[in-house]
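Please read the structure below before turning to the comments.
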């Protein structure tokens, strides 16, 4: 007997690529993740199960351990020749919640997927509890526990006050990885009654708040004699003590990781003075990838490997001593590639699984629990004693602990010596691999061992051949083909394309894809189309050439299969309603004579449908009342009949200008540059359209140092949505202003309110800051150790300021904020990248600071800022990021080169998503510039220019020598009389001049060096310009979309444009 073993642990791919024409067990090629979350805003949820094998596998499912047939539920969407089905989001998903498993079987065996848990998420909640005040003496450590509820990861924890001000964190006060807030030593200023833990679950767009906690810090010297108390306060000697660790406990712990994981080690200490944390690696230096975060308390190493294994130690030190904790870190490699082998007459299958706690292993055969007979289980190994053909099967190893379950399939084929050798040598022509072949004869005890190395190259598949159309059924036909040679890389997909002769002759369009182990497909076609088809194969190398096209096949005409989509109802004039829709594409007509029936009627009014048949894809209803709701439906038809029953959509007739102004306009001065404006909302009957929001127009009348009033330039801010107050920022201190408020809709502005005058208080002068950002060098030429930044004042005078310099020691730093610069002054900045050998060439940029008055926060104002950025493309997908309010800039990473993005800044008070600022940016195309200042600073370019300059000098010297020879010859006279235009050009001063301009932007900086100075103080918050009051549900939860509304915006000081890239 010969044995062929193909094992893969914890991977859904096999190490040996077996061609599909060879008879083989099923192999799972694609499956859903072990946890499939039904987010309420997704349209559908695919339960994926794909497999290959020969014979072609059949599929079945179980749910919660019982048989489950997707074809028995008409609501589920099934795919032909596949185990995949799709659960549509029809609103009632709870009945589909459960644990699923897919089985792919043929006559040789059965492969199974991991268990797939379909989860319908609930809103996480903190338990309702009464938390007693925490009383502690000054100097003692304090731990505020968060204990966030379980929910869909990732989880983000924030500590804030009840009015959403962040709790300031430093070496003394910080948050641990578990979300708890640690005080190394409590001070009297820590006493407050509103420490709140917020848990954010961004994947379900939910934030929940824990009940506020109260901390009371008692002074240790309050009851002492006044003289002694004064002495103790000055010396603080009574409280001082050496450090001890709050986190972790004990003196030693172990951490096990797998290649590619992230290592996080945390040490939080208490003591007085506040301890400082140091990190060391015993016997080695810390890896270059190691970063120290959270004020020195967190050591992070990304993408660990075996070389990162070892002993790490944290040391908490102050003047009175130190505390230590050691971490034994072990990193294990992933499972190695399997091999083909024959081990006598016994077969051993090993399943290696590690974890904490140690996983338990369960063995299955063809998806069923393993039974005895000739199979023995020895810990993590199965031994098949005296293996026979009936032992051919798919063996499953399932390892689980309290953290989860992993599953691996191992395909075991037992075959005779003759069949095994025949199969093996056919396999040699397909496989680029190294493996060991052991052969054993059945008549003797002799064992022959042969080591074979087979080297070959992969290529795209050849074109399929012998395309045949069969089973003609009107608007469906079966297409068969014979695959071409896959050139040592198995075909993963076949792409079927069609070309039709009427609308786009000669253009090939993709019709459908089928798995690479299929040789036929049933094609669903449109009516009244003259088709022909072709097929091409795809493998890991790429897509191969298409086949020769089939003969033409014309489908009979039929009624339309669908109705128009994307119906839009707009009203450009008060008594009209414009209805537009996306027409059916020509191939979707299904036959000649396409028309659309437009039906409409007043909503909530007893009247018949008004119907009109048109051939265009728009219709205008005239004589409508102003801004009333209508129901509209559009149905397609052709000469063969009507399309399906249309859906009813709702829209409004045309809008008119608002007829009323906001009342009771009041102004509350918040500080010298910020005021709060409030008003009474305009009644909806006076809006005459969709409320767009409110606009505030204001102008400066005079400085309070000047008695003469002048009407300054008008400024406008737009605040979308239904609201009754807003913030006006950026006012000039010690000035008198006037403002009016108006509402607007889609038609335009309504009348303005009565003007309200107000005055701003005095302000003080602030030094200015500049925020610099850059990208790392494309080629560091060594280990990058940091950067050197230099800058100087270069106002428009002959003298320049003193050159200031600073060294940035962290190579991961890509931004810097320079403070206390002169106002309204021009500076030049120089940046170099440094390695251990030295610093490279510099890039430079200039920028001018601008004047601004310092802004002070009113007590109780929210300081938590929020940022939102959205890629501008058709699907309108958005990503939101929190903005660090302690900084005056924010870097958005992970953007695609050469792509337009819409960036919004908005308040983050969980009630109002209105944006404060909105603009469109476009990222640079990758590779067009570099950190070294562009092409003009590249070595090859400089060398080329030097060569051109040298050649130019030689030509000029030759011309000069020739001119000074004197005398003219006959040939020279003829040249003077009949000059050669081509040679004449060589004597002109037309040689290209080369200049190296220093003033080039840094790569990837988005021109952040070129004048985009952050004028606000670093402590200012974006939320200061939005709503103050954050509303939560009774259970402390909040669910809201981060994306902004889609209201129309009219031109304003703060721009609000949104680009759409059309597909």
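Placement of Cβ uses the backbone N, Cα and C atoms for every residue, glycine included.
Because TrEMBL annotations are produced automatically, they should be read as predictions rather than curated entries.
Under the heading signal peptide, TrEMBL lists 1-15.
For the domain 'Ig-like' (26-113), the model's pLDDT averages out at 89. Residues or ranges marked as domain 'Ig-like' in TrEMBL: 26-113 (among others).
Taken from TrEMBL, the feature domain 'Ig-like' applies to 121-214 (among others).
Look at the domain 'Ig-like' (243-330): DSSP puts its residues at 3 helix, 54 strand, 31 coil. As annotated by TrEMBL, domain 'Ig-like' applies to 243-330 (among others).
For 344-413 (among others), the entry in TrEMBL reads domain 'Ig-like'.
The domain 'Fibronectin type-III' annotation in TrEMBL covers 463-558 (among others).
What TrEMBL lists as region 'Disordered' is 542-566 (among others).
As annotated by TrEMBL, compositional bias 'Basic and acidic residues' applies to 545-554 (among others).
Annotated domain 'Fibronectin type-III' per TrEMBL: 563-656 (among others), in sequence order.
According to DSSP, the secondary structure content of the domain 'Fibronectin type-III' (661-763) in residues is 3 helix, 52 strand, 48 coil. The domain 'Fibronectin type-III' feature in TrEMBL is assigned to 661-763 (among others).
Per TrEMBL, the feature domain 'Fibronectin type-III' maps to 764-853 (among others).
The transmembrane segment annotation in TrEMBL covers 940-961.
The annotation compositional bias 'Basic and acidic residues' is assigned in TrEMBL to 980-990 (among others).
The region 'Disordered' annotation in TrEMBL covers 980-1026 (among others).
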Report the listed stretch (121-214, 243-330, 463-558, 563-656, 764-853) having the maximum count of Cβ pairs within less than 8 Å of the domain 'Ig-like' (26-113). 463-558
At a C-beta cut-off of under 8 Å, are there same-chain residues at least 6 beyond the compositional bias 'Basic and acidic residues' (545-554) that contact it? List them, or none. 460, 462-465, 467-469, 472, 477, 479, 481, 497, 499, 501, 508, 528-536
